Amino acid sequence: MAEGDKNAEKLKEKANNCFKEKDYDNAIKYYTEALELNPANAIYFSNRSLAYLRTECYGYALADATKCLEIDKNYIKGYYRRATSNMALGKFKAALKDYETVVRVRPNDKDAKMKYQECNKIVKQKAFERAIASDEMKKSVVDSLDIENMMIEDEYTGPKLEEGKVTMSFMKEMMECFKDQKKLHRKCAYQILIQVKELLSKLPSLVEITLKETEKITICGDTHGQFYDLLNIFELNGLPSETNPYVSCSVAVKRKAPFVILTLFGFKLLLPDSFYLLRGNHETDNMNQMYGFEGEVKAKYTTQMFTLFSEVFQWLPLAQCINGKVLVMHGGLFSEDGVMLDDLRKIDRNRQPPDSGPMCDLLWSDPQPQNGRSVSKRGVSCQFGPDVTERFLDQNKLDYIVRSHEVKAEGYEVTHSGKCITVFSAPNYCDQMANKGAYIHLRGSDLKPEFHQFTAVVSTSDNNFDILTLTNVTITVHLLSYSTFQASRSQL
């Protein structure tokens, strides 16, 4: 073996160890260094593809899996990685073709067979939906529900809406119910969804609010269905109220997310002018299928209820502007220059997101350190540099943007000379990333971001279902001095 190949193998082993420790960023780094020494090694590309999948960089994962198969068309893991990447990107037919290859070569691989069957089911479902589609406006699930005559059984002892309305006592009782892993009655769940759909449908795509000098608002990033970490935020920061308003950068659909989403929707109904929700990239039908939310709702409730959830997600606003100076969204900025706030106001959001354009970018894009734009690591939208951020802010007379969408080790990150802030509120994401969570306080007096960090609640797992207690929580506060914050923003 040549010296370069030996060194490449050492780097691969180093990367493999990082992967085992769930240090995916360093795993990617060492696989990349190994590929620089031996760029014709299919295994290195396949391994890096898997590391990219773990960090949800589906575009990069797809490119690596494709390159792996160009080098060695018989390397079966390459087909598996490419199929998984395409599934995540909603390219189900392409994924099915690769899963078929894996199953044909490995007929006893139970996981591959399960993924093939799942993908095949989705492809057939999509074909059926296209076949029955018509030009007529699709009827809402609400039209077929008879809530008034829906009975609540005598044996049900959980929370109930008071005269059909959400109250704070109902919210507290519902959160306790969810904490005990109990299900909200379907009638109550339907009542919340119907009411929140009506409320959200009246909102603009860009919600604009004004904080008085004495007022404060909390901005949360992704919670990704981590219900107990949402409770932890409320424990640390106080329950939402008219004097303690919140903005959430997404409702964060994941497999265990019904608890989180019904809680967020309940607070939106209780506090329509003090609790703000924005749509994220997971609030789409494709992502609901991929990450198990659809299956979870159908198992706990009905197919009809999942369809209603989908209808509600389409009405979630896309962005929020605070005091005309801070723009909040889930993803980021745009694939083209010249987008104005008025363009965001005009977006027709009541649909599944398109593959490109401002709506797609608001849900999917990410910042990058270098100027300009580049192809997205996710395979959707773009990555935008500090010069893009600067131009957008100048054109729209804004100070900075706040977004989520990415795991950050410290729970938040300030980039683009202080003009692009990422906040992520799901600590120890997926029980494996060991990251902190964070939320931000903004005060109307100066709109200076105050970062609050926290760690995951202590947990034990039982069949992937979290049983937790709110103990051993740590929290730190990082308050940027105004001069430091302004100085960081003036360096560009």
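Each Cβ is built from the backbone N, Cα and C atoms, and glycine gets one as well.
In the repeat 'TPR' (8-41), the DSSP tally of helix, strand and coil residues is 27 helix, 0 strand, 7 coil. Residues annotated as repeat 'TPR' in TrEMBL: 8-41 (among others).
Each residue of the repeat 'TPR' (76-109) gets a DSSP state, and the totals for helix, strand and coil are 27 helix, 0 strand, 7 coil. Residues annotated as repeat 'TPR' in TrEMBL: 76-109 (among others).
As annotated by TrEMBL, domain 'Serine/threonine specific protein phosphatases' applies to 278-283. Counting same-chain residues at least six beyond the ends of the domain 'Serine/threonine specific protein phosphatases' (278-283), those with a Cβ under 8 angstroms from any Cβ of the stretch are 222, 224, 247-254, 291, 293, 313, 316-320, 328-331, 349, 353, 363-364, 380, 404-405.
Taken from TrEMBL, the feature active site, proton donor/acceptor applies to His282.
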